[in-house]
Amino acid sequence: MIRAALIKPNGYPSSSLKAFRGNGVKTYWSQSRTFFFGSSSDDGDNKGDGKGSSSKKSEASDAIVTEATSSNENLPSRQGFGDEAPRYPHLTALPVISKPLFPGIVTSVTVTDEETINALNKISSDSGPGGYIGTFLRKKYPNGVTDGGVIVEHPELITDASDLYNVGTLAQIHRITHNYIDEDEHSDPSSQESILHDGKTASVLLLGHRRIDLLSIDKMGPPIDSTVSHWERLLYKMGDDSSKDDVIRALSNEILKTIRELAVHNPLFRENATFFPTRVDSNDPYRLADFAASLTTGSAEDLQAVLHEKDPEIRLNRALELLSKERELSKLQQEIKQKVEEKMTESQRRYMLTEQLKSIKKELGMEKDDKEELIGRYRKKIAEFTDVPKEVQETMDSELEKISTLEKNSSEFNVTRTYLDWLTSIPWGKTSKENLDIGDARKILNRDHYGMDEVKDTILAYIAIGKLKGGIRGKILCLSGPPGVGKTSIAKSVANALGREFFRFSVGGLSDVSEIKGHRRTYVGAMPGKLAQCLKTTGTMNPLVLIDEIDKLGTGYRGDPSAALLELLDPSQNSSFIDHFLDVPLDMSKVLFMCTANDLGAIPGPLLDRMEIVILSGYDVPEKIQIAQEYLVPKALQESGLIELDRNDDASDADNIAETISTSSTENQDTTQDESQTSVPESLRIERSAIEKLVRWYCREAGVRSLNKYIDKISRKLALQVVAEAEGAELTKDSMRKSDTWCISENNLEDYVGKPIFTSDRLYDKDPLPNGIVMGLAWTSMGGSALYIETQAIRRGTDPEGKQRGGGMLKVTGQLGSVMKESTEIAYTVSRAQLADIDPSSSFFDENDIHMHVPEGATPKDGPSAGVTMTTAMLSLALGKPIRNDLAMTGEISLTGKVLPIGGIKEKVMAARRAGIKCIILPDQNKRDFDEIPEYLKEGLDAHFASDYPTVYDVSFS
């Protein structure tokens, strides 16, 4: 007997419901399990008893949710089932989603619209035991989800009749379950009024009877009123058509076979297959197709097609197709489940065997436990060290004794293990074999870098001392110079020349002292400092350590890293450097430290005092050309695949490099043809004239970084042109080859790199210069440039009495820094004093205001080296005497007319030569710097040295 308590006209019977309470929500449950009534179908079978059947599992499930009655007084009578159900022409229509309701099937539908819920309650109450409605599958959003992936809030509401399929099912309401928010915890849950007003959603249990056609929608509702027509009973008689009978029989047998196969894998099919003989007449194709389709999880459209079909053969075919898909899906699920189970079983089996093997080996003494093995590994590593300091050895022994007493799973065990890992990772007593051959070291240094003689000589001197004393002690070198001159790369070459391991870390922006000294072990995630990590990484106690960007150290609340470096970079203290994490002395005296900086003024004095300074000035034009020919061009062509470069050890031989460049295209042709069938033209090369033009008019910075970028750009475009022409591919106007040659010269250089950035160093070409204009020399990050100082007199106006207004005034423009502004004021005072000595009768400065300007106002300018130039410009304006256009000067001036020394002499001399200057004036104290400049830079240059301004005046106005 089916245990079901149906709704009475006066609402829920208090004796057949239980209230469940949770999270403020009361829910009244009744039977909502889907099953099949044997007497219900669309073909009007009235032989059933209307009672159906259910499993013991169902009875148990029902017993949990509802107190069912054992009598039949609440069950629907036989009258009104199947074809004998009423044929109402007007019904309340209920749109459903996911799948249609089939005749003879009991299905639970969730309703969310309150007005629809009230209408269904009214129908159920007014019609005696249950009421009748029409259910139709939604055509628009049949799965309850919009095209944009949004869930339809009220699927039982529609806006147009076309939103529903035309074929639906006449359904009888068996039960309505309400879920509502309990606003008053003490309200009567059995009150019909409470349920109706507080209800938010409802689960409606429906029994399908027959198919109906939707003729029209009379009211959109909610609820929806519709006019329908009922299907007549469909019967199939065997014997009318033998061939069709065979097809029907075959399809029916195949459906039954498929259901049995599905029952093996799917519990839902297994339960329905158990009660299949009592529910469905297998000789009725209509009922069999409906039953089979209702079991599947097919798409809403495919299930609606079964509901819509009248032909028995087609209906069976559609049902069989859905079952076949369900069978394949079940097989796939079974395969996935089997693979997962096999994997889990195999993992468990391996785990059990591994544990048994460990236990057996331990019993036989063949293997120790993890902790003993770990301690043994530590002792073995400690025994390999040749020279462990006594304090370190005592610490290791103490930690080993400590870890042997700790539980393996304790936090202290892991901390001690990490500490021992680091202690035994330091290469105590291990050093790399050093190269003490000066000739070999010079070859390595010359192979990688051109010039830098001072750095190379310093390293060779260290090697010579090491050869005499039997080893090179640690030193601290600081390479200072503008960006791009090779400070970082020369350090790696020095490591190769000495035969030492190389380690680099940058301290630019570093504000945490723990990066140098390490963290205390009490912190979670504590780590040693960079120096301890360096020793572990290199595996030696005498590596070459490059501390990059030391002039850009930061400071913060975590300490001052520059102060921490004082101990590290002091040769008298670093033999016992203490890392906070290791907490044992580290001998860093054998380490060769090299630092790089752009501005020595940004390095703290005590730290700078501990380092040996090597100044790397910018490269001049011949040096850049040589570097490009020997290093940059071959490297760029090789990386672009245009040559195969095989450099000899003596890379300083320019002829050898040039020969490699000229012949490598031929050697590369056969290799490239084998790999990509693209040959490189033999005439492809970058000539010296192109490099010289690049240096003069594109790349004026002190280093060669920008020059390297331009050469890389040329080689990439050449590679593109070679491959494109070999393949016949079309290139853009900017990328295609515009000349007939593969040789890059000054004539076609602009086709590859564009127009020159710099056009001229001279703002004034006529000789002499206009009064009040003088060329000065300035140091910049570009390496040096010519800088004009312009002055103009502004005659003062007079008042009505004929007296001049105001006093002497100096106006300065050109975005000058504070130092240069002070220089202008000093120069103005010196100019007035010098004019009084030269021409006591002159009142020029009393009658005129002076406006001084330094061109290129968008460029910030500052520095103490323009005093003599400013003074000369103002005197030229006051005396009306012009300055020759091939004269340039530099130097600061004091208030008494003394010429003070300045820096950047080499760069300024290079700028003067580039501007075509023949005569320069320099401070007398910079004569030593001028003498150190290469002779080819001084050739044809008339240099004068001045200790006071009268000397400058004599040279300028002679």
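Backbone N, Cα and C define each Cβ position, glycine as well.
Features reported for this protein in TrEMBL:
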COMPBIAS  44-60  compositional bias 'Basic and acidic residues'
COILED    322-349  coiled coil
DOMAIN    768-958  domain 'Lon proteolytic'
ACT_SITE  Ser865  active site
ACT_SITE  Lys908  active site
Residue pair Lys908 (active site), Ser865 (active site) - Cα distance, angstrom, rounded: 11
CB contacts for Ser865 (active site) [other CB atoms within 10 A, all chains]: 27
Around the Cβ of Lys908 (active site), the count of other Cβ atoms that are within 10 Å: 29
For the domain 'Lon proteolytic' (768-958), mean pLDDT (0 to 100): 88
